[in-house]
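According to TrEMBL, the feature compositional bias 'Low complexity' maps to 520-533. Taken from TrEMBL, the feature domain 'Major facilitator superfamily (MFS) profile' covers 25-505. Taken from TrEMBL, the feature region 'Disordered' applies to 507-533. The annotation transmembrane segment is assigned in TrEMBL to 20-46, 101-120, 126-144, 165-194, 214-233, 347-364, 370-389, 401-420, 440-461, 482-501.
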Amino acid sequence: MVVGNKLQVLDALDVAKTQWYHFTAIIIAGMGFFTDAYDLFCISLVTKLLGRIYYHVDGAKSPGSLPPNVSAAVNGVAFCGTLAGQLFFGWLGDKLGRKKVYGMTLMLMVICSIASGLSFSSNPKAVMATLCFFRFWLGFGIGGDYPLSATIMSEYANKKTRGAFIAAVFAMQGFGILGGGIFAIIISAAFMASFHAPPYEVDPVGSTVPEADYVWRIVLMVGALPAALTYYWRLKMPETARYTALVAKNAKQAASDMSKVLQMDIEAEPQKIEQEKIRYGLFSKEFAKRHGLHLLGTTTTWFLLDIAFYSQNLFQKDIFSAIGWIPSAKTMNALEEVYKIARAQTLIALCSTVPGYWFTVAFIDIMGRFAIQLMGFFFMTVFMFALAIPYDHWIHKDNRIGFVVMYSLTFFFANFGPNATTFVVPAEIFPARLRSTCHGISAAAGKLGAMVGAFGFLYLAQNKDKAKADAGYPAGIGVKNSLIVLGVINALGFLFTFLVPESKGKSLEEMSGENENNGEGEAGASSSSSSNH
């Protein structure tokens, strides 16, 4: 493989020292994920409150809660939007360029975050319908952020620390979760101090103060703030050099853009661009031969991971109530419940979720993506089975803490493992003109898994005895068997990881085989070119 044939502007990016613009790119690209995580996190707090406000039943022993179909809609509609957004904007990002589409997704997120907090009406059905409508479009914007942020970061980064940079963008999710939790704690505490209310069992109606309706709206709307603040910088960011040079074929523009960013002189080399012959599409035999298995690997691993990752939301509430971190709903008033759940979730995030992300950032360019993903799936499998097989042992009061520790470790290894690497790899191994599309396809497969995880397990985990299942749900296979199924899913993820190539320390063009001019040459990923020239 000829390195001399490589455009100077791309080489300059590959060997650039880590500098200020790398960090601004992380913040600008990461803000979408901040909003994404903030929103996904907050909706679980909000649903509890919505149940109390809009679905209160006079004379009921426990506070009102959303009916299963409404709850599924509120939680699931954002996933549907995200999936659609990933595919649509992923494709658009390769068609129009990353930068043009990047401002659109952000604007959509900001407008829909604010609008979802303004779902006004006195009729519960109407509130839920408008809320679902805006959450769908919020998801659509967030979905667009996945392929674009990953692609932009990977195209801006240098070879040595590219993995860490893409993972750092993803790790902004950790801050989104913390931000959401801390903000919900502050708001609910402030409202509790101003508006006193008795617990539900003392006064069912009085336990939910009318002002509680503002709480969920404020929480949902504030999620848009950090994203709105980065809008200006997103518009100022130049198009990535790899898109301009390799896809739009404008070497001069690429060189001048990157000269500004890197603050050095780069010569434009239009003659090199014209040499490139290989132009195969996504559905061509050539793509299937070179990257077919890679795409299968990135989609299946992300799909399987997200089934396990999003099923945690189901167990979280049960686990908290079981350990006694959260008292039963009827002993609290509405705001107190928001406060307690937010506090518990923030603690879990602080102890297991956030550190996992940053472990990946620290080690991804040392251990490599492959090793981290295998290790993550391996430990997730082990811990799931360790929770499932002696499940009856964990239920006893004395063993609760052990259960929480094991449970936290599972999610530590999801984040220091496949949750981060499935996001990083698709942005590195495909050719520039299909990069954002392929990342979008992989991410959409993940969201499909998230739906299976969040809804499939909601029904599966119900008690085998219909009488003991949650109100409105059919009988399931029980929590123990659900955990065993999750263990098997993680084991499958371990196996499918073997389809994905290692991209550590290699340039993007080397991974995608974009440097060769002869169509017959082996794809760059598989040719044993030395990566440390």
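Glycine is treated like the rest: Cβ placed from N, Cα and C.
Heads up, TrEMBL stuff is auto-annotated, nobody curated it.
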Same-chain residues near the transmembrane segment (101-120), Cβ under 8 Å, at least 6 residues beyond its ends: 31-32, 35, 39, 85, 89, 92-93, 127-128, 130-131, 134-135, 137-138, 140-142, 144-145, 148, 152, 216-221, 223-224, 227-228, 230-231, 234-235, 237
Interface check, the transmembrane segment (370-389) with the transmembrane segment (482-501), three or more C-beta pairs under 8 A: yes
Averaged pLDDT, computed only over the residues in the domain 'Major facilitator superfamily (MFS) profile' (25-505): 85
Residues from the same chain, set at least six apart from the ends of the transmembrane segment (440-461), whose C-beta lies under 8 A from its own: 68, 72, 75-76, 79-80, 82-83, 86-91, 93, 143, 146-147, 295, 298-300, 302-311, 313-315, 422-423, 426, 473-474, 476-479, 481-482, 485-486
Close approaches to the transmembrane segment (214-233) from elsewhere in its chain (Cβ under 8 angstroms; 6 or more beyond its ends): 24, 27-28, 31-32, 34-35, 38-39, 42, 45-46, 49-50, 53, 103, 106-107, 109-111, 113-114, 116-119, 179-180, 183-184, 187-188, 191, 335, 338
